[in-house]
Amino acid sequence: MSHAPAQPLRLSAHRPLTGRVTVPGDKSISHRALMLSALAVGESRVEGLLEGEDVLATAAAMRAMGATIARSEDGRWTIHGVGVGGLLQPQAALDMGNSGTSTRLLMGLVASHAVIATFTGDASLSKRPMGRVIEPLSKMGAAFTASPGAKNSQTLPLMVRGLVPAVPIEYRLPVASAQVKSAVLLAGLNTPGITRVIEPVPTRDHSERMLRGFGAELTVEEAGGERIISITGEAELKPQHIVVPGDPSSAGFPVVAALIVPGSDIVVENVGLNPTRAGLYQVLRAMGADITFEKERLVGGEPVADLRVKASTLSGIEPDPSVVPSMVDEFPILFVACALAQGRSVLRGLEELRVKESDRIAVMAEGLRAIGAAVEEVEDGLIIDGTGGERLAGGATVATHLDHRIAMSFAVASLACRAPVTVDDRAPIATSFPIFIPMMEGLGAEHSEGATA
Ligand code: S3P
């Protein structure tokens with residue numbers, strides 16, 4: 001991420017949103033496609049890769065550890081992998097930028113390779129908890145060292161020394177986290193024997209699907225509501241051709257925009273609807289959102305549809321906390337929908353939101369209040385009394401705290417405000433959705449850079 005002065009952003013809508021747009025590739029799948037391709041022997045090809053800063057950080061790290069990764073002019077990526085066990089010693093620190101997924105998954109890979117890697121990140125990532133991967137990966141034999149004099153030994157920068165051969169473990173996830181699950185499974189790839197993760201609450205299963213697709217021996221058993229995932233190392237991965245579906249988390253922004261701008265009627269094409277990711281659409285429909293799934297199909301082994309979305313009168317909701325893992329990144333934009341819905345929404349069980357790119361409970365509460373919404377912050381969520389479709393006052397400047405989803409959520413909220421909201425910095429949007437602003441303009445929103453900061 002650049003250290004240039006903050007670039008404010010204002011979006012407004014003077015007419016209904018209309019048209020068809022395609023969302024960029026799924027961030028979670030893009031990271032995994034690069035990592036597994038870099039560990040296969042031979043040439044893999046990836047189409048539809050998200051070319052956001054987070055994924056480019058993963059690409060740079062895999063190159064630094066020996067993979068050859070190239071992008072052709074038509075946007076296809078080609079990766080020559082080094083083989084499981086073949087990662088090379090990086091010559092410099094691995095800069096993970098803003099990306100928690102790159103950091104935690106790559107720590108898993110390094111943990112069982114003969115590699116010593118130092119991970120660094122931006123101010124947001126350097127505050128995020130790494131203890132959740134340090135704990136299982138240390139049990140597998142990896143050693144983690146903080147910088148001399150560091151106040152916290154569980155945040156970046158951290159040096160990781162892998163162990164070969166690593167020790168297989170059986171690990172029950174203490175938090176519902178696909179990143180922790182994936183870190184352990186990726187470490188298991190180069191660990192002799194069976195590494196097992198027990199998941200009390202299902203989280204996104206892209207790692208499991210893709211590891212199998214690359215030929216790893218991986219089984220998933222369901223017992224008493226838990227998922228037991230076992231991977232056999234030392235695996236040999238065969239190169240693949242991967243087509244990355246559109247990101248359902250990114251699609252949430254144009255979808256909610258169309259729901260809250262009166263008269264809108266749009267289609268968002270190519271949206272991945274893996275059941276472990278599609279909670280937002282379930283909840284919005286339960287609130288009364290007019291969303292139809294068109295042309296349902298499979299892309300790269302994942303269910304995908306085009307979403308037709310019409311402006312809707314929404315009702316407040318109290319989602320069951322069991323839906324949280326399938327929409328953990330979508331709460332900021334759901335809060336915006338709730339702020340404009342009829343009646344009260346009670347959104348609880350969201351403690352994980354406090355350790356995302358920002359404390360998304362506190363930051364959303366503060367911003368929503370600043371633009372005139374009625375919001376009460378509780379330890380594990382927000383209670384929001386919606387306007388019933390009346391526009392919010394807007395007018396305020398909101399702080400994004402290096403968090404792409406906060407920036408996009410308030411850019412969308414601005415479309416339903418009497419005076420536009422100034423998002424203090426649009427730069428973080430490039431981590432996951434580099435075409436967000438032109439896409440919103442394509443639907444009819446107007447964009448201005450706002451006052452200089
Ligand atoms: C991700 C898992 C989630 C999610 C993140 C991407 C992944 O994080 O918030 O944006 O690709 O595995 P947690 O595992 O911390 O819930």
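Positions of Cβ are set from backbone N, Cα and C atoms, glycine also.
According to TrEMBL, the domain 'Enolpyruvate transferase' annotation covers 14-438.
Per TrEMBL, the feature phosphoenolpyruvate binding site maps to Lys27, Gly100, Arg128, Gln179, Arg360, Arg405. A helical conformation is recorded for Lys27 (phosphoenolpyruvate binding site) in the three-state DSSP classification.
Positions annotated as 3-phosphoshikimate binding site by TrEMBL: Lys27, Ser28, Arg32, Ser177, Gln179, Asp329, Lys356. Spatially close to Lys356 (3-phosphoshikimate binding site) yet at least six residues away along the chain are Gly100, Arg128, Asp329, Asp403, Arg405, judged by Cβ distances under 8 angstroms. Look at Lys356 (3-phosphoshikimate binding site): DSSP puts it in coil.
Annotated active site, proton acceptor per TrEMBL: Asp329, in sequence order. The 10 Å shell around the Cβ of Asp329 (3-phosphoshikimate binding site) contains 23 further Cβ atoms across the protein chains shown.
Packing around Gln179 (phosphoenolpyruvate binding site) is summarised by its Cβ count: 22 other Cβ atoms lie within 10 angstroms of its Cβ, all protein chains included. When Cβ neighbours within 10 Å are tallied across all protein chains shown, the highest count among the binding-site residues Lys27, Arg360, Arg405 belongs to Arg405. Rounded to a whole number, the C-alpha distance linking Arg32 (3-phosphoshikimate binding site) with Gln179 (phosphoenolpyruvate binding site) is 11 angstrom.
If you take the Cα of Lys27 (phosphoenolpyruvate binding site) and the Cα of Ser177 (3-phosphoshikimate binding site), they are about 16 angstrom apart, rounded to a whole number. Proximity of the binding-site residues Ser28, Arg32, Arg128, Ser177, Arg360, Arg405 to ligand 1, judged by a Cβ distance under 6 angstroms to any of its atoms, singles out Ser28, Ser177 in sequence order.
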